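Q: My questions will all concern the structure given below.
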Amino acid sequence: MTRIKEFFTKLSESSTNQNISNIPKKKKKLFLALFATLLVVAAVIGIVAGVNSRKNSGDNGNEPHHAILKSSCSSTRYPDLCFSAIAAVPEASKKVTSQKDVIEMSLNITTTAVEHNYFGIQKLLKRTNLTKREKVALHDCLETIDETLDELHKAVEDLEEYPNKKSLSQHADDLKTLMSAAMTNQGTCLDGFSHDDANKHVRDALSDGQVHVEKMCSNALAMIKNMTDTDMMIMRTSNNRKLIEETSTVDGWPAWLSTGDRRLLQSSSVTPNVVVAADGSGNFKTVAASVAAAPQGGTKRYIIRIKAGVYRENVEVTKKHKNIMFIGDGRTRTIITGSRNVVDGSTTFKSATVAVVGEGFLARDITFQNTAGPSKHQAVALRVGADLSAFYNCDMLAYQDTLYVHSNRQFFVNCLIAGTVDFIFGNAAAVLQNCDIHARKPNSGQKNMVTAQGRADPNQNTGIVIQKSRIGATSDLKPVQGSFPTYLGRPWKEYSRTVIMQSSITDVIHPAGWHEWDGNFALNTLFYGEHQNAGAGAGTSGRVKWKGFRVITSATEAQAFTPGSFIAGSSWLGSTGFPFSLGL
């Protein structure tokens, strides 16, 4: 550094002694450009030298907090980011005494980054040359960022109580669910700008901030998994038995569904709080109006009966509307229908006829429909981001992207899902049990994909599980199914995870079973499993030979994908009142 200073001193003296006005114009420009460049280089070197000097004069790497931080970050996918983000916090050494402290600090730093992104998006919305879809996509980003902030705050609160208040396994599943959803939200924001080249300049303006938050969430998730896995292993070893809560079941229902909610889902006589009737005979004429009038943040079940009729509207159950239940008069009689789609300027996220985010949502005896048709591309009938949500005796009908299982824990039982391309997709931990899943006739040249699962990180506790169900074709596809190949799924994201087990698969499914997304993308990192399926399309001898595909022969391995294990079903499904099975 001293030599650089000496050089610039001599250079400055030389330029002062020489009459610059005598230098030819072209040489003068070259001289000034060179001088400016060297100044920048010197400044950069000075900054780096200063940082190194501070590092050398400060923490020598032998301090206890340094070892804890380094050890914690070693379990992450982005250890350098993990370490540098926390090490940059003033007086970090006084705050880090355990891995739990490292995780909490990481969550707080991530929250600050998310808030920064929020303000950046608000600034972008002020641009005057935005297209319709860009505006919609930016509002999607504001919504998902708002949800991310809630998830991070909940994670910090849950972490502060860890390992008390709840069982270890419940703590682990709740924390991993929150961080998995927070990660998913970042990708959802960027996905809204991927429909055409015209809106990618806006995506570029957002990308760095969203990807940074996604990586920070990934690091927190990895550390949470490492901490909870270690603690649970210690408990199992010390008790010499499995954790009690891991084997608990309630009549085959996940335990997060209370006995009361189980009755609500199965009972033929339920007293609603309000009634929706298109003919004016109820409290409201539209479903959206009934939701808007529902109490916010409710801890008690709020029941909305939707009488027979066709309701042409788009409905959003926001995060503020918790524990809402829709009860229809029958899946062929109560129909909520819309036609938003990507071709006409919507995003996939906003195209949903019904979108549900409020925790604890239940629905039974209703059809959710999007009538946009196969030529309109992505057009969602039902989007679900509500944690601990369940659907019973419902139909989801559309073409491309019918059912968007966006995030969090979800359960579908006795439902019909019909569509064409990627018609069950998203990154929730979703189990579909005893459902009818039917491919429809697509446009000429299209292939049908039953699933497109969006797991983007190996530590996310997400995936799509289809159990004890029936996979077939609708009446319009059956006569021509040879012209429209149908597959069980393709990998939307790098760590896509889908399991089909104990189900009946007809010959509508191509012998290869699964299809690529784009060349070799994700073929080594995905997890696609099949277990004890039957039917003309269930044979596995002709299946793909990808590293990520496997035929599951072990009942123990398959058990991990049942509702009791995969969506912590023993702690909540009992409350829905819907029929279900927790195990194999």
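Cβ from N, Cα, C; glycine included.
Below, the features straight out of Swiss-Prot:
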type: ACT_SITE; residues: Asp422; note: active site, nucleophile
type: DISULFID; residues: Cys415-Cys435; note: disulfide bond
type: CARBOHYD; residues: Asn108; note: N-linked glycosylation site
type: CARBOHYD; residues: Asn129; note: N-linked glycosylation site
type: CARBOHYD; residues: Asn226; note: N-linked glycosylation site
type: SIGNAL; residues: 1-50; note: signal peptide
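Describe the structural surroundings of these features, if you would.
A: All protein chains included, Asp422 (active site, nucleophile) registers 25 other Cβ atoms within 10 Å of its own Cβ.
In sequence order, Phe412, Val413, Asn414, Cys415, Leu416, Ile417, Ile466, Ser469, Arg470 are the residues of the chain that are 6 or more apart from Cys435 (disulfide bond) and have a CB within less than 8 Å of its CB.
In the structure as shown, the Cβ atom of Asn108 (N-linked glycosylation site) sits within 10 Å of 14 other Cβ atoms. According to its DSSP assignment, Asn108 (N-linked glycosylation site) is helical.
Cβ neighbours of Asn129 (N-linked glycosylation site) (same chain, under 8 Å, six or more residues apart in sequence): none.
Residue density at Asn226 (N-linked glycosylation site): 18 other Cβ atoms are found within 10 A of its Cβ, drawing on all protein chains shown. In the three-state DSSP assignment, the secondary structure recorded for Asn226 (N-linked glycosylation site) is helix.
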Q: What whole-number Å value do you get for the CA-CA distance of Asn226 (N-linked glycosylation site) and Asn108 (N-linked glycosylation site)?
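A: The Cα atom of Asn226 (N-linked glycosylation site) is 19 Å away from the Cα atom of Asn108 (N-linked glycosylation site).
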